Amino acid sequence: MKTGLVLFIFVSFLLWICESLKCEDPWVLLHRNCVLFERTPILPWKAAQQKCEDYGGSLISVNSYRERIALQKGLMSRIKKPNELYWWVGLSHNRSEARWVWQDGSFLSLRSRYISKSPWARGEPDNRGGNELCADFHFTGKMFDKDCSEQKPFICERIKITPAPRQTTTTTPTPSSVSSTSPTLVSSTISPETSVPLHTSDSTTQQDNISTKHKTTITSNITTTSFPSKTSISQSKLQPLTKTTTTPPKLTSSTFYASKPTASSYINRKPECPEVFAYGIKWPATRIATTVKQPCPDTAGYSTWTCVPNSGWKEQPNLTECSSSDIQRINKMVDSIINRKSFPTTEDMVLIAANLTESVVSSYHMTAADISTSTAILQHMVKAKPKNVKETETMLREVVKAGNYLFSKTEVSRNILLDDKERAASDLLFVIEDTALGMTDALQTTAFISTKTEKIYVSLNVLNISSSAQDLEFNTGEEGTSFIIPYSVLQKYRSDGIVKAVFMTHYDLGNILKTNDDTADVEVASNVVSASIAGDKTIAFPSPVRFTIQLSRTYGEAAQPLCSFWNFSEGVYGQWSQEGCNYIKGNGTHVTCQCTHLSNFAILMDVSGVKLTYEHTKFLRYITFIGCIISISCLALSWITFQCVRSLDGERNSIHKNLVFCLFAAELIFIIGIDRTDDRVSCAAIALLLHFFFLSSFMWMLMEGVHIVVLLQQVFDTAKNNMRYYYLVGYGISITIVGTTAGINFKAYGTDDFCWITTDQWFIWSFTGPVAVILIINTTILMYALSMVCRHSAYVFARERSQQSNFRAWIQGAFAVEVLLGSTWVFGYFFINESTVAFAYTFTVLNSIQGLFIFIFHCLLNKKIRFEYKKLAHVRHNSQSSTKSASFKKKDGSYEVYVST
């Protein structure tokens with residue numbers, strides 16, 4: 001009885017849910033909301049929005065990737081005519097905010113165009129003609145910015161609300177002021193009943209009471225919170241509206257909209273900092289303005305972190321008790337000095353910085369807590385006020401030195417998670433810039449102070465612009481990297497004709513400050529350069545700042561440069577952003593941009609048109625695997641042949657054995673470890689071995705050419721043995737080049753994509769340089785040898801005419817092998833640097849047939865070897881048809897075939 005009752009209630013509940021999810025015809029349910037695909041009439045964007053409002057909805061807002069896919073599938077089944085490929089959606093560009101805004105009030109960040117699941121089509125939005133301010137949705141699931149006056153079909157959305165019995169209450173209108181584009185924040189507290197005041201843009205509305213089956217109530221205090229906005233307008237009297245519903249409105253990741261789609265109100269459902277794992281510690285979800293205390297992971301102390309209003313977890317935690325004893329000692333020194341003096345002296349802070357540098361350098365490994373506490377110590381440096389240029393120079397040098405070693409430790413430490421590395425680098429970037437800018441307070445006359453370390457270059461500049469009305473151009477120290485700040489900007493921030501500016505370059509910082517999506521085809525393609533002016537608090541300059549940055553490597557034409565800056569206010573600890581920055585021009589080595597603000601700039605490179613797709617990568621792996629197995633098998637068979645066939649004894653055979661052995665080892669290591677990039681040390685070792693064996697392969701190919709010339713000069717006088725010299729060159733030069741490269745910088749071995757030599761700082765030329773020289777020399781040698789055989793065959797081969805054809809075939813085979821090896825690595829160079837499909841397939845195929853090619857030219861086309869193969873096949877045939885058996889016996893370093901009965 002009880003079971004039947006429970007089952008009845010459960011079935012009734014399911015039927016009620018299914019009934020509540022229905023949409024009246026012609027609306028259809030799509031991702032929790034009712035959607036209308038309106039083919040006719042085709043309208044401009046604004047008229048389409050008005051039409052949707054007449055239907056009681058709005059142009060659709062797509063707030064998630066899953067919703068976009070659902071919309072695409074729904075659209076695909078409804079396209080019947082060619083003019084139905086593009087549909088208006090509720091996304092338009094707000095010029096005053098310089099942002100794309102959905103009709104439900106949420107923003108679509110411009111950086112979304114650079115992530116792997118971007119809603120924008122490639123190259124969009126481009127604002128062609130300057131009037132493409134509305135977005136349409138293509139049947140492929142991508143969006144395009146279009147002229148709002150174009151006529152298209154459109155998609156309406158109506159939040160699915162199935163009303164329960166409700167009562168409507170009219171209230172007295174109350175005045176309210178809201179942002180023109182920003183949602184109204186409703187701060188919520190939980191109480192026994194639900195009552196959510198909602199604002200709409202209508203001059204007169206009604207107020208309903210929202211209630212749910214569970215009788216959960218949110219008593220809301222309304223506060224107006226604006227997103228970054230230049231202007232806000234006061235609307236006419238607005239009436240609160242209260243609705244009774246059994247179905248919650250459409251949800252986004254952190255908010256939901258409870259009015260009709262055109263309303264700008266939203267409810268913050270989580271007035272707290274979310275749970276996060278940072279600095280090696282798990283921090284629970286915490287209420288705003290509350291400090292949470294957690295035990296340190298490796299020590300007996302405790303750490304604290306405050307959830308700050310409007311900032312969340314962005315402020316640094318107190319991890320002092322989790323730091324090493326040295327860092328704690330230095331932190332106590334800082335506290336003692338600051339408590340004792342209101343303004344610490346330069347000598348005090350220089351001593352602190354020097355102690356910090358010594359502690360960081362001597363530390364075997366540093367934890368995230370050590371880096372965070374050290375950064376907090378550096379932040380106190382700004383409290384010191386240098387009295388003159390000399391003190392400023394001394395303090396700047398010590399601060400930059402400490403920051404340099406902190407960056408280095410952060411980059412290489414294996415005890416710090418990637419997110420914590422990025423967080424630490426972002427904090428260091430801010431602290432060093434803030435400290436350097438604070439040091440300019442002591443400089444009241446024209447001055448130039450600079451210091452440079454392995455990771456950081458900083459320049460303090462005090463300029464008198466009273467006598468000159470020119471733009472400021474500054475070269476950052478790198479070739480071709482410069483800033484141009486307009487005179488109008490300088491004039492705005494001058495004081496008594498003096499302008500103070502700080503320029504910085506952070507080398508290799510892009511290795512830590514990654515792009516915002518791990519799966520994105522966007523990478524940091526330059527060093528991070530920074531410019532700041534004392535007193536700069538402007539959001540946008542009247543005239544844009546122009547800068548040119550040198551790229552870290554050469555990119556193909558399909559790569560798209562993105563002028564970017566590190567925005568500390570985005571994300572948890574900062575993200576790359578392109579807002580306010582535009583691409584001007586570029587070539588293979590430099591990119592020029594202009595931005596309406598100063599910040600920490602870098603060039604991000606969108607290589608989505610360059611990098612291989614998943615399908616190509618998967619297919620290339622199959623080709624590589626199968627091809628390399630064939631190649632390695634052929635190389636092994638070639639080596640066995642050269643080793644076992646007695647008639648091939650001699651220097652030529654020894655050269656071939658070493659060439660085959662080097663290629664065999666290189667191919668085997670290549671197929672096993674070329675993409676083992678997880679472990680940096682193992683990857684570096686693999687890259688070093690590949691460098692050695694491939695280079696040795698080319699060296700032995702050169703030795704074959706040299707040996708041919710030696711034989712021609714000696715006219716087959718083989719009494720002199722040259723192998724010891726060949727070994728010295730074949731392996732000795734390779735060891736020297738590889739050892740020198742590793743000695744200069746072992747980090748040159750291993751990249752993020754391949755276990756190979758990095759292209760940074762020209763290290764790739766330790767391979768391509770020798771290979772290019774070998775190819776030129778060997779080509780010259782072989783052409784000379786071939787011409788010599790043809791011109792002097794009458795007396796060179798007077799005793800045995802057959803030697804002439806054999807010798808010519810040998811030279812031609814050597815030349816063919818050189819062409820194969822050379823062309824393989826010409827395409828290999830472009831494949832590793834460009835990763836284009838054509839180069840990828842060409843390199844993979846050529847690399848996979850090297851062993852087969854050598855086996856054909858040096859074994860199958862060699863008459864002696866073919867004769868030995870026939871003998872072996874004949875012996876095997878006889879052994880199978882009689883009682884005779886064949887065996888190999890070694891004699892004088894070679895093998896002979898013995899047949900026994």
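Using the three backbone atoms N, Cα and C, a Cβ is placed for every residue, glycine included.
The signal peptide annotation in TrEMBL covers 1-20.
Feature annotation from TrEMBL assigns domain 'C-type lectin' to 30-157.
Marked as region 'Disordered' by TrEMBL: 165-213.
Here TrEMBL flags 168-192 as compositional bias 'Low complexity'.
Here TrEMBL flags 193-208 as compositional bias 'Polar residues'.
Per TrEMBL, domain 'G-protein coupled receptors family 2 profile 1' is recorded for 273-326.
Model confidence over the domain 'GAIN-B' (461-611) stands at 82, taken as the mean pLDDT rounded to a whole number. TrEMBL lists 461-611 with the feature domain 'GAIN-B'.
Residues 612, 648, 653, 656-657, 660-661, 663-664, 667-668, 670-671, 840-841, 844-845, 847-852, 854-855, 858-859, 865, 868 of the same chain, all 6+ positions outside the transmembrane segment (619-642), place their C-beta atoms under 8 angstroms from a C-beta of that stretch. The transmembrane segment annotation in TrEMBL covers 619-642 (among others).
Per TrEMBL, domain 'G-protein coupled receptors family 2 profile 2' is recorded for 620-862.
Annotated transmembrane segment per TrEMBL: 654-674 (among others), in sequence order.
Residues or ranges marked as transmembrane segment in TrEMBL: 686-712 (among others). Away from its own ends, the transmembrane segment (686-712) comes close to residues 651-652, 655-656, 658-659, 662-663, 665-666, 669-670, 672-674, 676, 718, 722, 726, 729-731, 733-735, 737-738, 741-742, 749-750, 754-757, 766-767, 770-771, 774-775, 777-778, 781-782, 784-785, 788-789, 796, 810-811, 814, 817-818, 821, 825 of its chain (Cβ-Cβ under 8 Å, at least six residues beyond either end).
Away from its own ends, the transmembrane segment (724-744) comes close to residues 651, 654-655, 658, 688, 691-692, 695-696, 699-700, 702-703, 706-707, 757, 763, 766, 770 of its chain (Cβ-Cβ under 8 Å, at least six residues beyond either end). According to TrEMBL, the feature transmembrane segment maps to 724-744 (among others).
Look at TrEMBL and you will find 764-786 (among others) tagged as transmembrane segment.
Feature annotation from TrEMBL assigns transmembrane segment to 807-832 (among others).
If you look up TrEMBL, you'll see 838-861 (among others) marked as transmembrane segment.
The DSSP breakdown of the domain 'G-protein coupled receptors family 2 profile 1' (273-326), given as helix, strand and coil counts, is 5 helix, 24 strand, 25 coil.
Each residue of the domain 'C-type lectin' (30-157) gets a DSSP state, and the totals for helix, strand and coil are 33 helix, 45 strand, 50 coil.
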